[in-house]
Every structure is written in structure tokens, then in C-alpha cells.
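To keep things clear, I will list the structure first and then write my remarks on it.
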Amino acid sequence: MEFKGYIKEKFPYPKVREPQKRMMLKIYECIKNKRNLIVEAPTGVGKTLGYLIPALYFAERRKRVLILTETIDQQVRIYEDLSSLRHNLKVAFLMGKSNFICKSKGGKANRLYCQLNKKCLYRPNKRPICYCGTKKQPVNLGDKVIYYCPYCTCEYQKAKIESILADIVVMNNSMFYYAKEDIEAKRDIDIIICDEAHKLESSIRNTSTIIINPELPINRLKYMAIHYAPNILKKRLDIGDENFWEIIEKYLTSRGINIDICKETIIFDGENLSSWKYKTELAVLGAILDAYYQINNIKNKILRFNENEEIDREELRFEIDNKALIAIELDFIHKKKLSDLYLLEFIENIKNLRYINENYVVYRSGNSLLCEPVFVSSHLKELYGNAVVIHCSATIGNLKMHALKTGLDKAEFLILESPFPKNRKKIIALKDGVDMKYERKDREKANKNLLKILEAINGNSLVLFKSFEDLDSFYKYLKREITKTNIKNKNIHVYEQGMDGKEAKELKERFEKIGGILLATGRFAEGVDIPGEALVGVVIDSLPFPVPTPLILREQKILEERFKIRGVRDAHWRAFLMTSFDRMARTLVQMIGRLIRTENDYGVVVIQDKRFADWVGRVMREKGYLKDNYEVMSLDMAIKYIPKFMSQFKN
């Protein structure tokens, strides 16, 4: 078989792992026969090379390949792995605009600014000679030709052109949503490979969600008002002053300014603002004040809705009548070299509410209005087009459910075994733990259970919580009680609410270096890779069932109604399994997967929430989410068992 010889030629290491070879051959077979495929390849299989070598094989035979993943770090790793394999293909790496510097205004690039800035000197166009005098390079797009200057064209546009011309394109899921049509301007995509595919559904849902948050544009209006205010007024303005807008209104009316017509008098020539009726700075202030009244009115309407209750689309009659506002914000961000267009984004999102269909659910969350798609499978089917689609992940869980939710009709499945020894990991479910369902949970008892488990592990441990409230409760208890225990390494590391990616990475590195106990929420756990004795215990406080938002309730209701129409028994239970349970199970599998990252790792996973021992673990096994076995023990049994188990492997 030609492809087997190709594997030997391309594989960069002395030996191909058997599961890895199975993965390559199955991907090859499915692409050749134009069949979609979902692969669950646990950590250690060598998943990345498992799909890159088939991708190269077909790309070298004139098939165009798109590789998707979730984060820029993962994109970089895939791009570097591709570069390390011998080939003569064009490979492109496309990130979102915010990762580039805008040459036109300085600062981070912005999608909306780029759309509005039609006269931008740094984008490709139909002129063959650049303003700098350089002869531009042509790009043939079917019956159309555009030209770009290799010296002046902005880096995003260069990356986009490279993606249009490339044989293999690497991008994240959000860019797939926004830019797939653009990169097919010259050639269609034949093969789509999605790595970390368990994140695809939520990524596309988040990208297509409309968020109406009046706080951001109102805050932007305040800073704009201070910027354009005359010096005598500027001295009286303070962002935190509750009379901020009243001061501006009194100032304008005292000078005979008709606030209602200011927005109609503004003229913007692309570079400067002016007014045909008033002094420019006063007309601009009047237009800003008018915009505040309109947006504040929308804010008050939003706050009148009950939180976390679905809103009828007929009640979403919002409108902003202020054409000058976009020009003023463009002028402001250009002068201040800012990147975000909060007002323009707000106006665009208000307009987008008109086009939502029955698939969207709208509700208030905090001060914001969320408009989320219930199902994203139809979005994804459109994006897939006629391509063969391959989904890969270490933890997909229920493959049939994943196929249904991500629009992969008639997909084939491949589940690979972990190459790591199973006897080095033990999953323990406490039968006398606390039932952590919100209205029943006993936080004090759960805290005591967690400390006893940590004392039994007596090694570097990660404790995962459903909420920061639970984390904080245990942190206070642990600080008070840890000195009374025999835990050798008493260092405590805490993942705090609001930490950004950089801070979370530093926390993880500090824990790896110093060791001890790391307290975090489930969100922190996904993607965290801590091999060796740096992590020998994962303790899960509570099962990560999601809060029943209007999105989940609507999804569950629709599915239940469909099951009843089809005469399916236990329709409510089936709908629950496909919604709340599915989200919980996929997250829990990710949590469990934090422990064993290499073949020499060992340790225990202890699930404190007794619902796992009572019924959740059994259902997860039956439905294919959990591939590992687990043992049900009492807390006393676990405390005796864990030290004996750990002693077999400790250095």
C-alpha cells in the first residue's frame, strides 16, 4: 500500500506507535472514500502526527487542507510540527485581526474598523502600483485580480493572501466561522481536520452569540466626552461623578445648543470632524450626550427583564438614531490609537437582533442581554461545505452525541486505547461523600472530606471546584487546618477569579516548581499539562453540572418535544442526557484527564461528590463518556487505600 510507505518516509521518529498507525490509516481510508470521521485519541497516542501525515499526503496530491484548533498556542505547535516534516507545500497560519497591528491607525487591528476604512492604503486593491512606488504582486482570484505591495500591505492582509494561496491553512475555530469563505476565494477546501474537536460546538456558539452590554459603550462615551470637551468644562468632569452627564447638559444648554439636532450637524471627511451649525467641539458633545440618552434607555429596558428568563423576540425593539456616532468614535480611536470600537460593535449587535430566528434564545445575564444559538449543527454544516471532515480529540466522550451536535452526518468512529499502563492510575468514587447538588450540599462536611483525601495522597495535588464560592470556603478551611496535618508540602496555590491567561500560566508554573496543593475551578483544568510527580493527585469536589440557563432549558425542551413526537420512552430523561448531562460529562472527563500525561506518571483521582458513586459514573460508562474503570469506596477505605497505592510508584 502506497500510503504505508509514505508513513515510513515521513515519520520523524524511529518507531510509529500502533494506535497512531491505526489513526493514520483510518484517516487515509475515510478521506479517500469521502467519509467523515471522529477519532478519540487519548494523550500519548501521538494525535497531532496522526492527522498531519495523512494531511500532507493528500495536500501533495492537490487536495486543499484546513486544520482547526482552539488556541493560538495550539496553532503555533501544529504549524511548527508541519514545518518539521519534509514537504514543498505552501502552509499558512491565520489568526484573528486583533493579533495584528493596524498600520492605518496604530494599535491593535479591529474587524469593524477594517470594514469601514475603505480608503486604507495598506490593503490589497485593483491598482498595480503602490503609493510607495513599488510594483505590486498580483493575486488571481478566478476572474478577478487584486494587487498587494510586499512592503506596505498590513500583516493581516498578507496572512490572508497567504491563506488564499496555501495548500494547508492552520486557523482557530473562530476564524473558521469568520474567514472560511474568504480563504476559498481561489480554491475550495477539500479536507477539514479539527483538533481539540470537543471544543468546536462551544467555540462556534460563542462566536455566533450576540451580546448587548450597554456598560461598555456608555463608558466609552464618557471618555469621548472628556476628550472633546472644552478645557473649562474638562476640569469639571470626573468619570466617577454620578452627575457627569447632567454637568455636560447644563453646559450645552447654557450656550444655546439644541442637543436634539447636534448629531445632524456633524460632518466627517475621513480625517476631521466639523459642524455646519455649531462650534465643532460643542456639536460633538451634544451628539455624544444624545447617544448616552439612547443607550441608557436601552440599558434600563434590559434591566427591566428578569435575569435568566427567556425573552420574547417581540420585546427586543431597540434602536439607535445617531449617524454621527460612528464618525465620532472613528475620529476618537484614531487620535487615541485605540483598537476597540465599543459603540460601533454595540450598534451592529443591536441591528443583528433583527435577523435572529427561532434557533436563538435571548435572556438577561447581569447587565447584558445574551442572544445564543441553541443548536450550531446547521452553522457547521454550511461551513463544512463539500469537504471531508475529520474530528480529533483526546476526550470527545460520547461520539454519537458529538456527531449530532457538530453536524457530522453519517460519520465513522475510531476510539483508540491509551498507550499508558492502566495500573498506574486509580479513579475512586466516594460513596459517603457529600451530595453536592446545590440545595442539598453540606460545605463543611465536604471541606473535611477534601482535607482527609489530601492528607492520604500527601503529594502534589490539584483540587477542582465548580464555583469560586466553594473554592474560597475550602481555602479558608485549609489555611486554618493544614498545620495540624501530616501533609509534607504545605504550599497552597490558588486560582483566583478574573485571572487572565498569562496569570494562570504563571500560577501553573509556580505550582510545578514549588509543589503543594493547587486549588482551582474546572475551567482552569482544561488544557493544563503537569507531568511526573509534579501532580500525583486530582480531587474533584463537585460534579460540574451547568447552571440551567435559558439556553439549556430551551435546548432540553426542544429535544424532549422531538422525542415525544417520535414516541420515545423517557423523553425528559433522554433530553437531560443530551444537554446538562452531556456538558457535565465532557467537563468531568477533562478534569480526570489532567492526571496521567506521560507513560511514567501515576496517581489517584478522587471524586468527592457522592452522585458520581450513586449513578453518574454508571451512566457515563454506559453512554461512552468514561472509558476508564473506577472503584467505589467509603472515605475511610479510601484513606487507607491511597497511601498503599501511591507507595508502589513513588521514587
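Any Cβ shown, glycine's included, is placed from N, Cα and C.
What Swiss-Prot records for this protein:
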- 6-255: domain 'Helicase ATP-binding' (DOMAIN)
- Ala41, Pro42, Thr43, Gly44, Val45, Gly46, Lys47, Thr48: ATP binding site (BINDING)
- Cys102, Cys149, Cys154: [4Fe-4S] cluster binding site (BINDING)
- 195-198: motif 'DEAH box' (MOTIF)
- 449-638: domain 'Helicase C-terminal' (DOMAIN)
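DSSP states for the motif 'DEAH box' (195-198), grouped as helix (H, G, I), strand (E, B) and coil, give 2 helix, 0 strand, 2 coil. There are 22 other CB atoms within 10 A of the CB of Cys149 ([4Fe-4S] cluster binding site), with all protein chains counted. Taken as a whole, the domain 'Helicase ATP-binding' (6-255) shows an average pLDDT of 91 in this prediction. When the Cα atoms are compared, Cys102 ([4Fe-4S] cluster binding site) and Thr48 (ATP binding site) turn out to be 33 Å apart. When the alpha carbons of Pro42 (ATP binding site) and Cys149 ([4Fe-4S] cluster binding site) are compared, the span between them is 45 angstrom.
Close to the recorded ATP site, the chain also has Pro19, Gln20, Gly50, Ala394, Leu416, Pro419: residues not among Ala41, Pro42, Thr43, Gly44, Val45, Gly46, Lys47, Thr48 whose Cβ is within 8 Å of the site's Cβ mean position.
Rounded to a whole number, the distance between the Cα atoms of Cys154 ([4Fe-4S] cluster binding site) and Gly46 (ATP binding site) is 36 Å. Nearest neighbour of Cys154 ([4Fe-4S] cluster binding site) by Cα distance, taken over the binding-site residues Thr43, Gly44, Val45, Thr48: Thr48.
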